[in-house]
Amino acid sequence: MSGKPVLHYFNARGRMECIRWLLAAAGVEFEEKLIQSPEDLEKLKKDGNLMFDQVPMVEIDGMKLAQTRAILNYIATKYDLYGKDMKERALIDMYSEGILDLTEMIIQLVICPPDQREAKTALAKDRTKNRYLPAFEKVLKSHGQDYLVGNRLTRVDIHLLELLLYVEEFDASLLTSFPLLKAFKSRISSLPNVKKFLQPGSQRKPAMDAKQIEEARKVFKF
């Protein structure tokens, strides 16, 4: 397929949001075909468009790519956001996995059972403050550059910014003790493509509300 990438997901962040972020940071316009009903999802499956009967799925360069990490790897490689050599890619992958682990922990809180929410929220705060943010503060200090890896923008900078914005929504006080991360957030947010994506009216999705959660439950049956 030629033209803009087409993203298939429902109208929420979920596991597609990091893909939206990376495309936007690369300056790539994309279209979205939103899944709004169980029938929409079933049609994608019956038409053979979902390799593992799961979304996210992205149509790009004649392919129908599934699996979030595979999609991110392809976009990062295509738009030169994956470092200059194997060593940089190894660091990018390592940092990205940690970022995605914490991101998943935070975004899953909105759909966890009420009787588990307090414990899982406490765990997420502890992991944020005592494991993940200290690790990335240390990376920025030791690397001494504007970016996490090398001396230019890579996918991991975008993933980290997205995470920091989630942390800020979750509990802004968690960022208080991390001056380098706060400076990083401001710096990456000021990049033209990123700044544009942060503006109202972009394809960036807001935090899920109760209505969206209920709609997602109906579509994905969780």
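Note: Cβ is positioned from N, Cα and C throughout, glycine not excepted.
When Swiss-Prot records TYR9, GLN54, VAL55, GLN67, THR68 as binding glutathione, the matching candidate from LYS45, LYS46 it lists for that site is LYS45. DSSP classifies TYR9 (glutathione binding site) as strand under the three-state reduction. On the backbone, the CA of GLN54 (glutathione binding site) and the CA of LYS4 (N6-succinyllysine) stand 21 Å apart.
The record assigns TYR9, LYS45, GLN54, VAL55, GLN67, THR68 to the glutathione site; their largest pairwise CA distance measures 17 Å.
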